[in-house]
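Quick look at what TrEMBL annotates:
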DOMAIN    5-106  domain 'Alcohol dehydrogenase-like N-terminal'
DOMAIN    148-194  domain 'Alcohol dehydrogenase-like C-terminal'
C-alpha cells in the first residue's frame, strides 16, 4: 500500500468456522463454515448490484486500511497496543475479525484445508478468465505465471472452450501440472533471446 501501518497481521486466503457474530449480522451464525474474501461486498452499492464489477464502494481492496470500517478501530492488540488488520481479513492468525461482507458461507462438508484456495487463488484466476476475459470458444489464450491463480485461469480457459492455452512460466517444473488444468503448450521465457510475446 501507499501508507501501510505496522505492526499488522497479514494473510488473505483461508477457511474457517464462525465463532461469534456481531450485532445485526443475520446471514451467519456460530458454527458456519466460511471463506474470507478480501474483495468484500456490501450488497447495497451500485458496484455490488452490477454484474460487471465486484469493486464494492465500501469494502473494495484497501491494503492501507488497518482497522474495522464500522468504528475505525483494530480488533487485535498486544500489551494494550493495537496490531492492525490487513485487507479486511488478517488470516495469518488462529482467530480473526472480519466485516460480514468479507465472509462467504460454504458447505460444512467441504474440507477447509483444501477449499481455502477458493478464497483467492482459484476464484481470482477462474473469474478473471470466465467473467473478464471471456475467451470465445476456439480461441487462443496465453497465461503468464502458473501458480494457483494461473492454473485457475487455465482451467477457466479450458471451461470456456479455448483451443490453445499457452502457459508461460520461468519454472519449467510447473508445466506438467499445468497440463491437468488445460494448458496445451508452454513457453519458458528463459529459453528465448527475444521478448516472449514475439
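Just so you know, the numbers here start at 1 and follow the chain as drawn.
The backbone N, Cα and C atoms fix where each Cβ goes, glycine too.
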DSSP helix/strand/coil residue counts for the domain 'Alcohol dehydrogenase-like N-terminal' (5-106): 7 helix, 18 strand, 77 coil
Local confidence of the prediction over the domain 'Alcohol dehydrogenase-like C-terminal' (148-194), expressed as mean pLDDT: 96
Secondary structure composition of the domain 'Alcohol dehydrogenase-like C-terminal' (148-194) [DSSP: H/G/I, E/B, coil]: 25 helix, 8 strand, 14 coil
